[in-house]
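Student: Have a look at this one before I ask anything.
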Amino acid sequence: MHRGIPKSSKTQTHTQQDRPPQPSTELEETRTSRARHSTTSAQRSTHYDPRTSDRPVSYTMNRTRSRKQTSHRLKNIPVHGNHEATIQHIPESVSKGARSQIERRQPNAINSGSHCTWLVLWCLGMASLFLCSKAQIHWDNLSTIGIIGTDNVHYKIMTRPSHQYLVIKLIPNASLIENCTKAELGEYEKLLNSVLEPINQALTLMTKNVKPLQSLGSGRRQRRFAGVVLAGVALGVATAAQITAGIALHQSNLNAQAIQSLRTSLEQSNKAIEEIREATQETVIAVQGVQDYVNNELVPAMQHMSCELVGQRLGLRLLRYYTELLSIFGPSLRDPISAEISIQALIYALGGEIHKILEKLGYSGSDMIAILESRGIKTKITHVDLPGKFIILSISYPTLSEVKGVIVHRLEAVSYNIGSQEWYTTVPRYIATNGYLISNFDESSCVFVSESAICSQNSLYPMSPLLQQCIRGDTSSCARTLVSGTMGNKFILSKGNIVANCASILCKCYSTSTIINQSPDKLLTFIASDTCPLVEIDGATIQVGGRQYPDMVYEGKVALGPAISLDRLDVGTNLGNALKKLDDAKVLIDSSNQILETVRRSSFNFGSLLSVPILSCTALALLLLIYCCKRRYQQTLKQHTKVDPAFKPDLTGTSKSYVRSL
C-alpha cells in the first residue's frame with residue numbers, strides 16, 4: 001500500500017499541475033517537504049519526465065507538499081483490494097478539501113468586504129466633514145476684524161398665490177326696522193356714493209377698454225391665440241401695474257350673471273357671514289359690516305326703545321363704520337386699480353371677524369403667523385356695485401415654500417482703531433449658505449420674522465470669489481473703510497460677551513468703577529465675566545457671561561485687507577484723483593519715450609563715428625603684420641648654406657653597394 005501511494009500521488013500531480021501553488025508558513029511542514037523531496041528525487045531521476053525536467057525547485061516543493069497532503073488524506077480511506085478503487089477516492093477527498101477551503105474563505109471574503117465598505121464610508125464621512133468645515137463661516141477669524149453674526153434664519157419663498165373673492169356689503173339689511181331707520185339709511189347711502197363712485201368710474205374705464213382679441217382667421221389655429229387687447233388711446237396715461245391690474249379686472253368681470261345672482265342673495269340675507277358657492281365652484285364670502293349689530297342689538301330692542309332712538313343708534317353705528325371704510329379704502333381713491341390693502345387694514349372692514357374669514361378660506365397652519373407678520377395676504381378691488389352697495393375684493397394668499405439647506409445669516413460690523421484712525425470692515429448685511437456655497441442675499445423683497453426670512457422672489461445671487469475668501473476666514477481679503485462721523489457700531493453683545501472698540505467709546509467696569517483701557521496696538525476689546533462681570537458702556541449697563549472670545553486682538557497678528565471708500569463724495573474724489581494721476585503718468589510716459597528715442601539715435605551716430613578709426617587701425621595692423629612676416633622670410637633664405645658641386649665626400653670603409661648607389 002505504501003508503494004502505491006507515490007504512483008497515485010504522481011498521477012494526481014499530473015492532473016493538478018495547473019493548480020496554483022499553496023505556500024505554507026509552518027517550519028515543520030517545510031522540513032518534512034524537504035525530506036520527502038530528498039527521498040523521492042532518486043525515483044524521479046530514474047523516470048525522466050520532459051514536463052518536469054525544466055521546472056524550478058519551488059514547483060517541485062509545491063508538488064511534494066501536495067503529495068504530503070494527499071498521503072494524509074489517504075490514511076483515513078479504507079484499504080481496498082483493487083488499487084484503482086483507491087485512486088477513485090482521491091478526487092472526492094480533494095474536492096471536499098477544496099470545498100472546505102472555499103467555505104473557510106467565504107467568511108474571510110465577507111469580512112474583508114465589510115471592512116472595505118466601512119473604509120469607503122469613513123472616507124466619505126471625512127470628505128463631507130472637510131467640505132462642511134470649508135463651507136462654514138469662519139466666525140473666529142471674522143471676529144478679530146469686528147464681524148459678528150447676530151442671527152440666522154431659514155429661507156422661504158412665497159410661491160404663486162391662490163386667489164379668492166371676498167364680497168363686502170357696505171349697508172345692512174334693515175327690513176325689520178325700516179320704518180325707524182329710513183332717514184339714517186338714506187344719509188348713509190349718500191356717504192357711500194361719494195366713496196364708491198370714483199372707484200367705480202376708474203374700474204369701468206379700465207374694463208371697458210380691455211376687450212377680447214378677435215381672431216383674424218376662422219381656423220382652429222387662429223382661434224387658439226385669441227386673448228385680450230387694451231385700448232391705449234382711450235386710457236391716456238397708465239402705468240404698467242395699472243395695465244396688468246386692468247386686464248385682471250376684465251377677467252374677473254366676465255361673469256356678470258354670477259354678480260347679479262350674488263346681489264340678489266345679499267339683498268335677501270340677514271346673516272353676517274354667508275358662503276355662496278357659484279357654478280365655478282369658487283368660494284365667495286359675503287360680509288355685512290353692521291348686520292350683527294342690527295340683528296342682535298336693534299331688532300330685540302324695538303320693544304323697549306322708541307323708533308327715534310333706534311334710528312339714532314343705527315346712524316351712529318353706520319357713521320363709525322363709514323369712518324373705518326375711509327381709513328381702509330383711502331389709498332384706493334387715489335389709485336383704485338393697483339392699490340393693495342393689507343390684512344391688518346382689512347380687519348376693520350370685516351367687523352373684527354378675521355378669524356372666521358381665515359377659517360372660511362381654509363387657511364391654517366404654522367405658516368399663518370409668518371404670513372400675517374410678513375403681510376403676505378393682499379387684496380385688490382375688482383368690482384363696485386353701486387345699486388347693491390357692495391364691493392368685491394380679490395384676495396391673494398401665498399403658499400410658503402422653504403428652500404432646504406439654505407441658512408440666511410445676518411452680519412454686523414464693529415469699528416476698530418488703527419492708531420488714531422477708526423475703521424470698519426465692509427461686508428454684506430445678509431449672506432446665505434448652502435453646503436459649500438456662499439452667496440449674497442438681497443433682503444429688499446423679504447420680511448424677517450422670528451425664525452424665517454420670507455421673500456416674494458428669489459433673493460440669492462452670486463458672490464465674488466474675493467468676498468467668499470473673506471467670509472471663509474481670509475481677513476486679508478476683507479475690504480475696510482474709514483468711519484465717517486458717527487457711522488458704525490462701537491460695540492455689540494454676542495454670546496454673552498461684549499465686543500467693543502474701547503478706543504473710541506468709554507468702557508467702564510461698573511463693579512470696580514475702573515476704566516477698561518485699550519492699548520493702541522489692539523484692534524478690539526472682548527469683555528467677559530473674568531474681566532468685569534458688570535460693564536457700563538456708552539451709557540448702558542450690561543451683565544456679561546463667561547468668555548467666548550479671545551482676550552484681545554493685536555494689530556500685528558491680523559492680516560488687514562485693502563482700504564476702500566464707500567461715500568459717494570469720497571468715491572468721486574478718489575476717482576478724480578486717479579484720473580488726474582493717470583493723465584500725469586501718460587505725460588511722463590510720452591516724455592520718457594522721447595528721451596529714449598533721442599538716446600537711441602545718439603547712440604547710433606556715436607557708434608558709426610567710433611567704427612571708422614577702429615577699422616583703420618585694424619587695417620594698418622594687418623599690413624604691418626604682413627610686412628614683418630615677409631621680411632622675416634627673406635632673412636631666413638639668406639642665412640641658408642649652399643652646397644659646393646666640386647665637393648667629394650670621403651668613402652673609405654664604405655661598402656660597394658652603397659658606393660654604387662651613390
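Note: Cβ is positioned from N, Cα and C throughout, glycine not excepted.
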Student: For which of ASN62, ASN179 does Swiss-Prot record the feature N-linked glycosylation site?
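Tutor: The residue tagged N-linked glycosylation site by Swiss-Prot is ASN179.
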Student: Just to confirm what the record says: which one of ASN173, ASN517 has N-linked glycosylation site annotated in Swiss-Prot?
Tutor: ASN173
Student: Looking only at CYS507, CYS509, which is named in Swiss-Prot as the disulfide mate of CYS532?
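Tutor: The record-listed partner cysteine is CYS509.
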Student: Can you check which of 132-157, 366-391, 418-443, 574-599 Swiss-Prot lists as coiled coil?
Tutor: 574-599
Student: Counting every protein chain present, what is the number of Cβ atoms, excluding its own, within 10 Å of the Cβ of CYS502 (disulfide bond)?
Tutor: 22
Student: Any idea what DSSP makes of CYS470 (disulfide bond), helix, strand or coil?
Tutor: helix
Student: If you measure ASN141 (N-linked glycosylation site) to CYS478 (disulfide bond) at Cα, how many Å is it?
Tutor: 11
Student: Could you measure between CYS532 (disulfide bond) and CYS507 (disulfide bond) for me? Cα positions, answer in whole angstrom.
Tutor: 11
Student: Are there residues of the same chain, six or more positions away from CYS455 (disulfide bond), whose CB falls under 8 angstroms from its CB, and which are they?
Tutor: TYR155, LYS156, ILE157, MET158, SER445, CYS446, VAL447
Student: Report, in whole Å, the straight Cα-to-Cα distance of CYS502 (disulfide bond) from CYS470 (disulfide bond).
Tutor: 25
Student: Translate the DSSP assignment of CYS478 (disulfide bond) into the three-state scheme.
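Tutor: For CYS478 (disulfide bond) - judged by DSSP and reduced to three states - the answer is coil.
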Student: Please list residues from the chain of CYS478 (disulfide bond) whose Cβ is under 8 angstroms from its Cβ, counting only those at least six apart in sequence.
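Tutor: For CYS478 (disulfide bond), the qualifying residues are LEU142, ILE145, ILE147, THR425, THR426, VAL427, CYS470, LEU560, GLY561.
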Student: Can you tell me how far the Cα of ASN173 (N-linked glycosylation site) sits from the Cα of CYS502 (disulfide bond), in Å?
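Tutor: Approximately 70 Å lies between the Cα of ASN173 (N-linked glycosylation site) and that of CYS502 (disulfide bond).
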